[in-house]
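Asks: Below: one structure in C-alpha cells.
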Amino acid sequence: MGGTTVTGALAVVSALGVGRIINLLISGVLSDKFGRKPFVQLGIATYFIFFIGILFSKNVVVAYILGILAGMANSFLDTGTYPGLMEIYPNAKGTSNVILKAFISAGQFLLPFIVSGLAAAGMWYGWSFLIPAAILVITFLYFLFGGAFPDSKAVAEADEKREKQERANNDSTIKSNLWLD
C-alpha cells in the first residue's frame, strides 16, 4: 500500500469499523442459529484473506475493501468466540470474557511494536502480515479437524430448563410496594 497519504491510510483503518457494523447484527443472529464454530472458522478465513490481500493491494480502494473484510472478520469472530466461551464456561462467563478481551488487547498492543521492530531492523513489513496469516492457518486447521464447541442450541435449552427450575423453586409471591408522594 505504498505511496498513499495519511488520509488514505485513515480511510482504510475506518473501513474496519464499516465492515464490523455491516456484519455484526446479521452474524450474531446466524451464529445463534447455526452454532459458534462455523463463525469462528469464517472469521479466521476472512482475516486470512485480509492479511494476504493487503500485501498485494496496489491502491487505497483495494485496501479499503480489504479493511471492510477485516471488520467483517472481527464480527464473525466476536459472534463465535464470546458466546462460545460463555457456553464453555457457564459458571465463569465474566472471567472468560475478560480473559478473551485481555488477549485481544495484548495483540493490539504488541502489533505496532512488532511492525516498528521490523522496520527498525530493515526487514520487510510483510512479515507482520504473514506471521498472523500462518497462525490463522494453524488455528483454522485445528478447528476444522478437532476443536470442539458446545452445541449452542443444547446450551440454550439447558439454560432455559435451569431458569424454569429456579422459578419453580422460588414460587413465593412477589410483593411490591406502592409509594405515593
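Heads up, residue numbers simply count up from 1 along the chain you see.
Note: Cβ is positioned from N, Cα and C throughout, glycine not excepted.
Heads up, here are the entries from TrEMBL:
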COMPBIAS  160-169  compositional bias 'Basic and acidic residues'
COMPBIAS  170-181  compositional bias 'Polar residues'
REGION    160-181  region 'Disordered'
TRANSMEM  6-26  transmembrane segment
TRANSMEM  38-55  transmembrane segment
TRANSMEM  61-77  transmembrane segment
TRANSMEM  98-118  transmembrane segment
TRANSMEM  124-145  transmembrane segment
Asks: Looking only at the compositional bias 'Basic and acidic residues' (160-169), what are its DSSP counts of helix, strand and coil residues?
Replies: 10 helix, 0 strand, 0 coil
Asks: Quick test of the contact rule: Cβ under 8 Å, at least six residues beyond the ends. What residues does that give for the transmembrane segment (61-77)?
Replies: 1, 4, 8, 11-24, 27, 39-40, 42-44, 46-47, 49-50, 53-54
